[in-house]
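Scroll down for the structure; my scribbles are underneath it.
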């Protein structure tokens, strides 16, 4: 690149030599070779002149001119500047002078230019406002604006953010650049045209070499200001300021450091070295680019984040040439036409260029443009300075941005205020231009908090801290000042919020609870539903006229013949009540569906079947309806065994119309599924509509059966309409079909008897009917109304109007109800009155029949009581009838009677079975008559045997022996007089045995209960009978003693002597001969018995307890023979 530049410069010189006739512009340059190398040093800035000349020629300027340059190193010395100026202007008469780059020497050079009328091009530290005085310096011009404009821009920034308390800090150096800038800024702040009064609390000049003094200044600023405006000439001074401010803790969000600059560098420095360059291509000022790394970059960076920079706009269009200029400026100065061979020029390297090199470039470029714009071939015209200077006002794009001078040869500046974004790259937050000395601010951000003050906590800093600069003037915190009020307010607000929250929570809870309660009303758990047990075809037995019977206690004793109920329903138990259920597919229920179910459950009308709820937790949805015990109209018609008169049918039709009218006026709007199967009948023969309002639930069947379509209106069949698409007139058509079923007392369309085929062919009658209905036409297909003669013709006409082919021609339900009301017979109010009037006709007949049956019942009860009393003791029978248990009872002393007909077997052989029965019946009947005259209980009679007892179950003291004796005598007296009709020569003889003692009595058995006696007394009485003689009363010793002791001299007895009794041994027994006053009988032939020895053999009876019906042994001839054998053996042994 260096070789190329050298070639281009030499080539341009040779080309210029080839045009010896062109005018030569002689340029005198007052430069500073050893002063401020980083800013105005000739080694780092002088190369801008040949580069500007090259740039002019590349853009078509100064083609007709040759240039001759003469450089004098006046540094910034006033004497050397005056000497060089006189030499340039007076002695050598140069056309234009450049420099010097310092303010004070430039004043002298400008004064000489006024005297000698030579244009002077100023650059470097020449921003003082006095250079704008055209009367004093008419030929001095510069591309740097006046520092007074910087003061105006600073004032505008302070006014924008409301800062009126500031500190001014500037660095001291040999050129006094910052002191002039600060003076102009301060002058602008106190300008009378400035509306905001700004207080400068501190104005201090600091020195980079005096750190202690600088720190003291910062300490004073901390105590008095938070908005600090400072001016630093070099990058090192800027970084020094940031480091020291950071060390003093001035990098918090309270501080704003405003840096003033007029070099178009912003947060950058003119250096080619940088770790991370800014978007302007310059190195950031916080980097240690001129010294060795010191580790303080982060500290400096923290202060930079709290900094704003006011600088000239750096919007350069030809950035590519600027980069070229930056890299080659130190090489260009060594080449012709300057050919600087000074050690400083030769030692310069490509680390960067001087800060004011771009201003030197622009001011020479402006001069070249002015020369060209004179547009004249007269060489003398270029000596017209006034005309030349007037051309300086032509605007152009330079290396410092847009350059435009006003009529006073002062640049019209465009300032920008820079800040750092979150990535620490500089951004322009506003543009400030000057129009007629007035600042015009143009903001470049949308949100001040986030775009400008993000490093300040998104809050604009104040010029005075709230708590003062020393933190001792903090206002009393609001909480401390109003603690009591706040405490009370918090409590009240808390209670209020708590109350509001409680109310809202309660409202929400109540609303949810109410919704849950409403949902629980229609939700029925599947576990509550159960299918009743079926016994055959019936659930239980009941009358033919009723399907459900409730007991008087209101229990669920219900029964129903399931085969006679419509197949659409399933009968189940809900708790203890029978209900009807319809099955539906499981699906998701929306909130609207749930609200519909709540409304549906509340729907109530006397002609609507009550919807109880929906079971949704089973394998299928079950809609639960109230049980209507008589089934549906379809069920009644299908049974065919019920007779209805006209009024009965009329009332049913009226009930259907009333229920349908109510539905049409409700939120449901229509029924949509009206059929005879959905018209249910309750106990009172009242019709109730069912299966309405659940069209959003899908049935188990995917599509309606053909039978259901028999009730559908023609327009519904043609369009396959859903319930939501139907019109109420479709219900009116269905009502007419149901009414035709009732009037004809037949199933819809008389389906079971239809035999015609479709188009002459035999086929499905349902399909034919549906097809004919859909077909329509002028004579639509309808059911035949063949009714009884007593049916009102107007009612038939109404039915025909209701099934009209045109839906609009059908009457609505309200008109139907009015027409039916007009047809109601005046003598009858309702169906139940009609039924009651029919029942009254049977009332009297039923009452007479009930009375007769009641009398018969009483009579039969008496008979049964008498019969039961004969079979069991009265008190025992009463306890058994009451369902009480009869405990066995022990009796201390009773008398037991046994009897037997002597030689009954021989007698029975002479008689037929019927004669035997008649004989026993006559004898025992007389015996029963005799028993009734005495206090004796007949235990039983088995065959010809007879068992009686006295003293139980009614205790009668000692009277029992006399009652048995009197009864026995009565039996003998009857037998003595009794004659057998068919055997007159035969006699009935009785053998009697009597014994007294203790006994146990009780009831044995359940199916045929018997009152039985237990104990040895009974066995002994039986032995007395079996060992007795015909027509004699054989008594035990105990019975005899009891009779003689208690009833002496009343009865005649005779000792039989000792007798061997089976199971008892030898016992002394007695004969009862009769009453003493009445006894004329001879003593029985028992003398031989008295001769028996007193000592007899004993026989042991192993069975001492007899059964209820003891076996009575026949002790007649065989026993006598055995007795004789025993007597003989004893007599022989004694002898």
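Quick reminder: no glycine exception, Cβ is built from N, Cα and C everywhere.
Swiss-Prot has this to say about the protein:
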{"type": "SIGNAL", "residues": "1-20", "note": "signal peptide"}
{"type": "TOPO_DOM", "residues": "21-483", "note": "topological domain 'Extracellular'"}
{"type": "CARBOHYD", "residues": "37", "note": "N-linked glycosylation site"}
{"type": "CARBOHYD", "residues": "193", "note": "N-linked glycosylation site"}
{"type": "CARBOHYD", "residues": "209", "note": "N-linked glycosylation site"}
{"type": "CARBOHYD", "residues": "251", "note": "N-linked glycosylation site"}
{"type": "CARBOHYD", "residues": "349", "note": "N-linked glycosylation site"}
{"type": "CARBOHYD", "residues": "375", "note": "N-linked glycosylation site"}
{"type": "CARBOHYD", "residues": "431", "note": "N-linked glycosylation site"}
{"type": "CARBOHYD", "residues": "436", "note": "N-linked glycosylation site"}
{"type": "CARBOHYD", "residues": "447", "note": "N-linked glycosylation site"}
{"type": "TOPO_DOM", "residues": "505-1135", "note": "topological domain 'Cytoplasmic'"}
{"type": "REGION", "residues": "535-560", "note": "region 'Disordered'"}
{"type": "DOMAIN", "residues": "545-837", "note": "domain 'Protein kinase'"}
{"type": "COMPBIAS", "residues": "546-560", "note": "compositional bias 'Low complexity'"}
{"type": "DOMAIN", "residues": "895-1025", "note": "domain 'Guanylate cyclase'"}
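If you take the Cα of residue 447 (N-linked glycosylation site) and the Cα of residue 209 (N-linked glycosylation site), they are about 41 angstrom apart, rounded to a whole number.
When the glycosylation sites 209, 251, 431, 436 are compared by Cα distance to residue 349 (N-linked glycosylation site), the shortest distance belongs to 209.
Mapped onto DSSP helix, strand and coil, the domain 'Guanylate cyclase' (895-1025) counts 55 helix, 39 strand, 37 coil. Proximity of residue 431 (N-linked glycosylation site) to non-local residues of its own chain (separation of 6 or more, Cβ distance below 8 Å) is seen for 313, 414, 415, 416, 441, 442, 444, given in sequence order. The predicted model assigns the topological domain 'Cytoplasmic' (505-1135) a mean pLDDT of 78. When Cβ neighbours within 10 Å are tallied across all protein chains shown, the highest count among the glycosylation sites 251, 349, 436 belongs to 251. Cβ contacts within 10 Å of residue 209 (N-linked glycosylation site), excluding its own Cβ and spanning all protein chains shown: 9.
Residue 436 (N-linked glycosylation site) sits 37 Å from residue 251 (N-linked glycosylation site), taking the C-alpha atoms as the reference points. According to DSSP, residue 431 (N-linked glycosylation site) sits within a strand segment.
Summarising the environment of residue 447 (N-linked glycosylation site), the number of other Cβ atoms within 10 Å of its Cβ, over all protein chains shown, is 10. Cα-Cα distance from residue 251 (N-linked glycosylation site) to residue 209 (N-linked glycosylation site): 22 Å (rounded to the nearest whole number). The secondary structure of residue 251 (N-linked glycosylation site), as reduced to three states from DSSP, is coil rather than helix or strand. DSSP classifies residue 436 (N-linked glycosylation site) as coil under the three-state reduction.
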